[in-house]
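Take a look at the structure set out below.
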Amino acid sequence: MYRDPEAASPGAPSRDVLLVSAIITVSLSVTVVLCGLCHWCQRKLGKRYKNSLETVGTPDSGRGRSEKKAIKLPAGGKAVNTAPVPGQTPHDESDRRTEPRSSVSDLVNSLTSEMLMLSPGSEEDEAHEGCSRENLGRIQFSVGYNFQESTLTVKIMKAQELPAKDFSGTSDPFVKIYLLPDKKHKLETKVKRKNLNPHWNETFLFEGFPYEKVVQRILYLQVLDYDRFSRNDPIGEVSIPLNKVDLTQMQTFWKDLKPCSDGSGSRGELLLSLCYNPSANSIIVNIIKARNLKAMDIGGTSDPYVKVWLMYKDKRVEKKKTVTMKRNLNPIFNESFAFDIPTEKLRETTIIITVMDKDKLSRNDVIGKIYLSWKSGPGEVKHWKDMIARPRQPVAQWHQLKA
């Protein structure tokens, strides 16, 4: 009798089972890998998309180097800079950084109502407009119109009491000048290195500009802290509708700087306490909680944690960090960190608090920072002085996160 050898083989069924099991295992492995890649791509694309809404992708124009600069408006309406500086070259592309654009574009829509006729300010007379949460300093400038030459003149004179943006306790300020709603063309002052009370005394001319068009514009000044290695930090802004200014002669103004409308104010706040023990030569930093943190992920949330750096004479000494709070824009940390700081080194010490968004598959994102020292911004300096004035007592204070 003839028998099929395959049917008679007792090992055949077991080989089929093994083959099917291997196929299923490989399929599941490929599926897991593909899901992981899709999640990573969605997270990266979400962050890039959000960042593209906040920053301009084109480099800044070269930094100004002359005492008088001009934008000439020919018949075609295209603005060109007609005042190159002899013997000087523009900054390299590597020194140019993008700025938040919503600070300019959002402002166009917010200044169409509640306009009052403006009168020149003086050193003593600048009124404090509204209740500002933080002193950002003030700026002095003048503006006027030459009817014979159809030229608007803007002179940036000086600023006072600017906040420190660098951990060294100072800033490198410069000013951008726009005539809104035109956001494409701008002029800039020089950068004043390490100066919280800079003097510019630079004059800017908008030439070939008919008066009937000038009065339809808004003069917008944005003060920024120049940063060679990252995005320039907004310090504050001033805006004046030119139809509310007597332009027949140069008018000089002192104006308080207001927070820039660039989204930096929506980064959230952090509550922390400082406790100074002079006998133990130590400071205890307690990271308590945060609120209204900026969402950094595509799902509208963040995975925040906090880094604490101890700096001495602008050099990093020691780092501590909290645990990561998953998908939480109002996290509660309640973590304390002790740092050894001799009393004689206290004046040269800075504590940098950085709130980060954790990302497993790419670089972690900075949500915002706080610089604590005796020479930081007004709110930070107050906290630092209160800590020293009340030794061995935890002194808690809310801080606005900054870019």
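Glycine is no exception: its Cβ is also placed from the backbone N, Cα and C atoms.
What you are looking at is a predicted structure, and each value in this text was computed from that prediction instead of being measured.
According to Swiss-Prot, the topological domain 'Vesicular' annotation covers 1-16.
Residues or ranges marked as topological domain 'Cytoplasmic' in Swiss-Prot (evidence: sequence analysis): 38-403.
The feature phosphoserine is assigned by Swiss-Prot to SER52 (among others).
Residues annotated as region 'Disordered' in Swiss-Prot: 53-106.
The annotation phosphoserine is assigned in Swiss-Prot to SER61 (among others) on the grounds of similarity to another entry.
What Swiss-Prot lists as compositional bias 'Basic and acidic residues' is 90-100.
The phosphoserine feature in Swiss-Prot is assigned to SER119 (among others); the stated evidence is similarity to another entry.
Per Swiss-Prot, the feature phosphoserine maps to SER122 (among others); the stated evidence is similarity to another entry.
Residues belonging to the domain 'C2 1' (135-255) score a mean pLDDT of 91 in the model. Feature annotation from Swiss-Prot assigns domain 'C2 1' to 135-255; the stated evidence is sequence analysis.
Classification of ASP227 (Ca(2+) 3 binding site) by DSSP places it in coil, neither helical nor stranded. Its own atom aside, the Cβ of ASP227 (Ca(2+) 3 binding site) has 16 Cβ atoms within 10 angstroms in the protein chains shown. Marked as Ca(2+) 3 binding site by Swiss-Prot on the basis of sequence analysis: ASP227, SER230, ASP233.
Annotation comment: Swiss-Prot describes 266-399 as domain 'C2 2'.
Reduced to three states, the DSSP call for ASP359 (Ca(2+) 5 binding site) is coil. What Swiss-Prot lists as Ca(2+) 5 binding site is ASP297, ASP357, ASP359.
Taken from Swiss-Prot, the feature Ca(2+) 4 binding site covers ASP297, ASP303, ASP357, ASP359, ASP365.
Close to ASP303 (Ca(2+) 4 binding site), meaning Cα to Cα within 10 A, are the following binding-site residues out of ASP227, ASP233, ASP297, ASP359: ASP297, ASP359. Of all the binding-site residues given, namely ASP227, ASP233, ASP357, those whose Cα is no farther than the 10 Å limit from the Cα of ASP365 (Ca(2+) 4 binding site) are ASP357.
Using CA atoms as reference points, the binding-site residues ASP297, ASP357, ASP359 were checked against ASP233 (Ca(2+) 3 binding site), and the closest is ASP357. Between the CA atoms of ASP359 (Ca(2+) 5 binding site) and ASP227 (Ca(2+) 3 binding site) there is a gap of 25 Å. Following the DSSP three-state reduction, the secondary structure of ASP365 (Ca(2+) 4 binding site) is strand.
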